[in-house]
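Features reported for this protein in TrEMBL:
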DOMAIN    C:15-149  domain 'Molybdopterin cofactor biosynthesis C (MoaC)'
BINDING   C:M75, C:C76, C:H77, C:M112, C:E113  substrate binding site
ACT_SITE  C:D127  active site
Protein chains: 6
Amino acid sequence: MSELTHFNNQGRARMVDVSEKEVTKRTAVARGSIRMRPDTLTLIREGKIGKGDVLAVAQVAGIMAAKKTSEIIPMCHPIPLTGVDISFEEKGEDTIQVEATAKTTNVTGVEMEALTAVSVAMLTIYDMCKAADKGMVLEDTYLVSKSGGKSGDYRRELED
Amino acid sequence: MSELTHFNNQGRARMVDVSEKEVTKRTAVARGSIRMRPDTLTLIREGKIGKGDVLAVAQVAGIMAAKKTSEIIPMCHPIPLTGVDISFEEKGEDTIQVEATAKTTNVTGVEMEALTAVSVAMLTIYDMCKAADKGMVLEDTYLVSKSGGKSGDYRRELED
Amino acid sequence: MSELTHFNNQGRARMVDVSEKEVTKRTAVARGSIRMRPDTLTLIREGKIGKGDVLAVAQVAGIMAAKKTSEIIPMCHPIPLTGVDISFEEKGEDTIQVEATAKTTNVTGVEMEALTAVSVAMLTIYDMCKAADKGMVLEDTYLVSKSGGKSGDYRRELED
Amino acid sequence: MSELTHFNNQGRARMVDVSEKEVTKRTAVARGSIRMRPDTLTLIREGKIGKGDVLAVAQVAGIMAAKKTSEIIPMCHPIPLTGVDISFEEKGEDTIQVEATAKTTNVTGVEMEALTAVSVAMLTIYDMCKAADKGMVLEDTYLVSKSGGKSGDYRRELED
Amino acid sequence: MSELTHFNNQGRARMVDVSEKEVTKRTAVARGSIRMRPDTLTLIREGKIGKGDVLAVAQVAGIMAAKKTSEIIPMCHPIPLTGVDISFEEKGEDTIQVEATAKTTNVTGVEMEALTAVSVAMLTIYDMCKAADKGMVLEDTYLVSKSGGKSGDYRRELED
Amino acid sequence: MSELTHFNNQGRARMVDVSEKEVTKRTAVARGSIRMRPDTLTLIREGKIGKGDVLAVAQVAGIMAAKKTSEIIPMCHPIPLTGVDISFEEKGEDTIQVEATAKTTNVTGVEMEALTAVSVAMLTIYDMCKAADKGMVLEDTYLVSKSGGKSGDYRRELED
C-alpha cells in the first residue's frame with residue numbers, strides 16, 4: 001500500500017520534491033453536486049433567462065479558484081494551468097451538477113485544481129442563493145478522471 | 001419567498017449594500033464529511049500517533065481559507081473574523097467529519113467562512129492522501145447553524 | 001495648497017495614520033470608458049443575447065478587484081467594504097462606459113476602490129476581446145463623486 | 001473576423017486551453033497617461049528631488065501588479081514573467097506618461113501583464129496625490145506592441 | 001505562567017476567539033537589523049543619492065507585507081490597520097536598522113504586523129543586493145513596544 | 001565588484017530580465033534561530049508531546065510563505081517551486097533553529113524562497129507563543145548554500 005508522501009523525516013509536512021519528475025500533458029476532471037429546494041433551482045433558472053446569472057458568477061469563481069489552488073491547499077505545487085473549464089447540468093428538479101476540467105503541461109497533476117474549482121463554484125452558488133435557501137447541501141465531490149504522469153491514468157467507476 | 005438579492009437593476013451581480021445593517025455578534029457552524037478507504041483512515045490515524053499529522057495541516061488550511069473567503073467567493077463581504085475553530089471526528093471506519101465554527105462582530109454573517117473552512121480542510125485531506133487513495137469523496141457539506149443578525153437564527157434539523 | 005501626506009519625516013512613503021479620524025458612511029463613484037471597433041462591440045452585445053457574457057465576467061472581476069484594492073495600491077488602508085456595484089452603458093457605436101460605486105462605514109474613503117473596480121472591469125473586457133481587437137483603448141477614468149468624511153463631498157463637473 | 005474564444009460550448013466563460021501552443025519568447029509594451037493640475041505635477045517632481053518619491057512607489061506597485069495579473073483578470077493564464085520594467089515621462093506641464101514592458105517565455109502572451117502594470121502604476125499616482133488633486137484623469141491606456149507567438153507581432157500606429 | 005492560547009480542546013491550533021475583547025487604540029513597534037559588507041552599504045547609500053533606491057522598495061514591501069500579515073501568519077486575526085510606517089538607520093559601517101510602527105483600533109494588537117513589516121523590509125534589501133553580497137545576515141528582530149489592550153503595555157529593555 | 005542589477009536606466013527598480021538565462025535545477029538552503037525563555041521552549045516541547053504543535057503550524061506557514069515569495073518581495077520572479085522542506089532543531093535550552101530547503105527547475109534561483117520560509121516559520125512561532133513570551137528574538141537568518149545557475153554554487157562558512 002502507498003505511503004503518505006507529504007511528510008519529511010521529522011514526520012512533518014513538506015511540499016514533496018518533484019524536481020526529477022517528467023513534464024507531461026496532464027488533465028483532471030472533477031465533479032460535485034449541490035442540492036437545493038426545487039423553487040431555489042427555479043430562481044436560478046429564471047435568473048439565467050433574464051440577465052442575473054448565478055451560474056455565470058459561480059463559473060468565474062471556480063476558474064479563479066483553480067488558479068489559487070496552490071495558495072489554498074498547503075502542500076500543493078504551484079502549477080502553470082493551461083486551461084480550466086466548468087460546466088453545469090441540472091439533475092432532477094433540485095440538483096445542479098458541477099464539472100470542472102483542468103489542464104497543464106507540468107511535473108505534477110491538476111487533480112486538486114479541478115476539485116477546488118468544483119468546490120468553490122458550489123460555495124458560490126450557495127452564497128448567492130442563501131438568502132432564499134440556507135438548507136442547500138454540497139453533495140458528493142470527487143475526482144472523475146486524471147491522465148498524464150508516471151502514476152498513470154485514473155478513472156472513477158461512476159454509478160450513473 | 002425571498003428573492004436573490006445579489007443582482008443589480010441591470011440584472012447583474014453586485015456585492016449587496018449592507019451599510020445600513022446593524023453590527024451584531026454572529027456565529028456560524030458548518031459541517032462536512034470525507035469518506036475514504038478504511039486503510040487510508042488508518043494511515044491518517046497512525047500519522048497522528050507519530051508526528052506526521054494530516055489533520056494538523058488540514059486544520060491550518062481551513063483556518064487560513066476562512067480568512068480568504070471574501071477573496072474566493074465573489075460577492076462575499078470582507079469580514080473581520082474574531083475566531084475560527086475546526087474539529088475532526090471519525091465516523092465509522094472510513095469517514096472523517098469536519099466541523100468549523102466562525103465568529104465575527106459585524107454587519108454580515110459568517111456562514112460562507114464556516115463552509116469555506118470545512119471545504120478547504122477536506123480538500124487538504126484529499127491532497128495529502130491522494131497518493132494512497134484517489135477515490136476519496138467529499139460528502140454532504142452544509143450549514144449546521146447560524147446566530148446573530150436581523151434574519152434571525154437558523155438551525156438545521158440533523159438526522160444523526 | 002494641500003501637501004502630499006503619504007510621506008514620513010525621512011521623506012519616504014508611509015500608510016498615513018488615520019487612527020484619529022471619525023468613522024462615517026462613505027460612498028465613491030468612478031467612471032471609465034473603453035473604446036473598440038464597432039464590430040467588437042457587436043460581438044460583446046451578441047454574447048449578451050446568447051449566454052456568453054463578457055460584461056458578466058468584467059462585473060465579477062471589478063467587484064473582486066475592489067476587495068483587493070489595499071493589496072494592489074501600496075499605501076491604501078484595508079477597508080471593510082459594505083457594497084460594490086458596477087454598471088455598463090454603451091456610448092455610441094464603439095464605446096462602453098463602466099461606472100462603479102463603492103461604499104463603506106469607515107475612517108477612510110473608497111475612492112481607490114471605485115477607481116480600481118472600473119480599471120479592472122475595463123482590463124477584463126480588453127482581455128476577453130483581445131483575440132478580436134488588440135487596438136481597444138481604455139479612455140478617461142476618473143472619480144465622479146465622493147461623500148462622507150471630514151474633507152467633505154466632491155463632485156466632478158462632467159461635460160456630458 | 002475573429003471570434004471571442006473565451007467561451008465554452010455552454011456559452012460560458014472558460015480559461016482557453018493553450019496546452020498545444022508553442023513556448024516562445026514574448027514581449028508586450030503598454031502605455032497610459034495620467035493628467036493632473038500643473039501644481040500637482042510640480043509636487044511630484046519636487047518629491048523626486050527630495051526623497052519622497054511618488055513614482056518610486058508607483059513603479060513598485062506596477063511591477064507587483066504585473067505579477068498578480070492572472071489573479072485579477074479572471075480568464076488570464078498564470079505566466080512565469082521573466083522581466084517587467086516601467087518608465088515615466090512627463091508630457092507637457094500636466095501629464096505623466098507611464099510605459100510598461102513585460103516579458104516571458106511561455107505559451108501565452110503578456111499583453112495583460114503590461115496593461116495591468118500601467119493601470120496600477122497610474123492608480124497609485126492617483127492615490128498618493130489625491131489629497132491634493134481629486135480631479136486627476138487616467139487617460140488613454142493601450143497596447144503599444146507585442147511580439148512572439150503564433151498570431152504574430154502587433155504594433156499600434158501612434159500619432160505622436 | 002501563561003499558557004499557549006492558540007489550541008482548541010482537541011489540542012489543535014485555532015484562531016483564538018476575541019469576540020468579547022474590547023476595541024482600543026493599539027500601537028506596536030518592532031525592530032531588526034541587516035548586516036552586510038561595508039561596500040554593499042556604500043552601494044545602497046549611493047543608490048539613494050542617485051535615484052535607484054533600495055530602501056524605497058524595501059519600505060513599500062514592508063508596508064504591503066504588514067497588510068498581508070493575517071494571510072501569512074496562520075492564526076493571526078485580520079486587522080483594519082490604521083497606519084504603518086517604516087524608518088531606516090545606518091548603524092556603523094555595515095548595518096542598517098529597520099524600525100516599523102503599526103497602528104489599529106481593534107480588539108487585537110498589531111505586534112505581528114510590525115514584526116512582519118520589519119522582516120519583509122529586510123528580506124527585500126537582501127533580494128535587491130544579493131547579486132553583490134550573498135552573505136548578508138538578518139540580525140536580531142524583536143518587539144520594541146506595544147500599547148493598548150487588556151494585557152497592558154510592553155516595552156523591551158534595550159541595551160543601546 | 002558586482003553592481004545592483006535591480007535598477008533600470010531611469011535609476012528605478014525593475015524586475016530583472018531573465019529571458020536569456022538557462023533553465024537549470026536549483027536548490028537553496030537558509031537558516032534562522034528564534035531565542036526565547038527556557039520555559040517557553042518547554043511549552044512548545046510539551047505541545048508536541050500532546051497534540052498542540054506550534055512547530056506543525058510554523059512548518060505549514062513557512063511552506064505556504066515560500067510559495068508567496070514573489071508576491072511579498074517586490075522584484076522577485078514568480079517561480080515554479082518543485083519542493084520545499086523545513087526542519088527544526090533545538091539549540092541549548094532556549095533556542096529553536098529553523099532550516100528551509102527550496103528547489104526549482106528554472107531560470108532564477110530560490111534563495112529568497114528559502115529565506116522567506118525561515119522568516120515566516122519564526123514569525124509564526126512568535127505569534128503562537130507571544131501570549132507567554134513577548135521577548136522572543138528572531139536571531140541571525142542567512143543563506144546557507146545555493147546550487148545551480150550561471151553564478152555558480154555558494155556555501156556560507158559556518159562557525160558551528
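For all residues, glycine too, the Cβ spot is worked out from N, Cα and C.
Note that TrEMBL annotation is computational and uncurated.
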Where C:E113 (substrate binding site) sits in the secondary structure, as DSSP reduces it to three classes:
helix
Which of the listed binding-site residues (C:M75, C:M112) has the least company, meaning the fewest other Cβ atoms within 10 Å of its Cβ?
C:M75
Measuring Cα to Cα, how many Å separate C:M75 (substrate binding site) from the residue listed as 'active site'?
27
For the recorded positions C:M75, C:M112, C:E113, C:D127, which residues show a Cβ-Cβ distance under 8 Å to chain E?
C:M75
Just jot down the residues in the same chain as C:H77 (substrate binding site), at least 6 apart in sequence, with C-beta under 8 A of its C-beta; none if empty.
C:M15, C:V16, C:V18, C:S70, C:V107, C:T108
Run through the Cβ atoms and count how many others sit within 10 Å of the one on C:D127 (active site).
24
Considering each pair of residues in C:M75, C:C76, C:H77, C:M112, C:E113, all listed as binding substrate, report the largest CA to CA distance in Å, no decimals.
13
List those recorded positions among C:M75, C:C76, C:H77, C:M112, C:E113, C:D127 whose Cβ lies under 8 Å from any Cβ of chain D, in sequence order, or write 'none' if there are none.
C:M75, C:C76, C:M112, C:D127
Taking every residue in the domain 'Molybdopterin cofactor biosynthesis C (MoaC)' (C:15-149), what is their average pLDDT?
93
Provide the three-state secondary structure of C:D127 (active site) computed with DSSP.
helix
With an 8 Å cut-off on Cβ-Cβ distance and a minimum sequence separation of at least 6, pull the same-chain contacts of C:E113 (substrate binding site), or say none.
C:A28, C:A66, C:T69, C:I79, C:L81, C:V84, C:A102, C:T104
Taking just the CA atoms, what is the gap between C:M112 (substrate binding site) and C:D127 (active site) in Å?
22
Please report how many Å separate the Cα atom of the residue listed as 'active site' from that of C:C76 (substrate binding site), as a whole number.
26
Using all protein chains in view, find how many other C-beta atoms are within 10 Å of the C-beta of C:C76 (substrate binding site).
24
May I have the DSSP-based helix, strand and coil counts for the residues of the domain 'Molybdopterin cofactor biosynthesis C (MoaC)' (C:15-149)?
50 helix, 45 strand, 40 coil
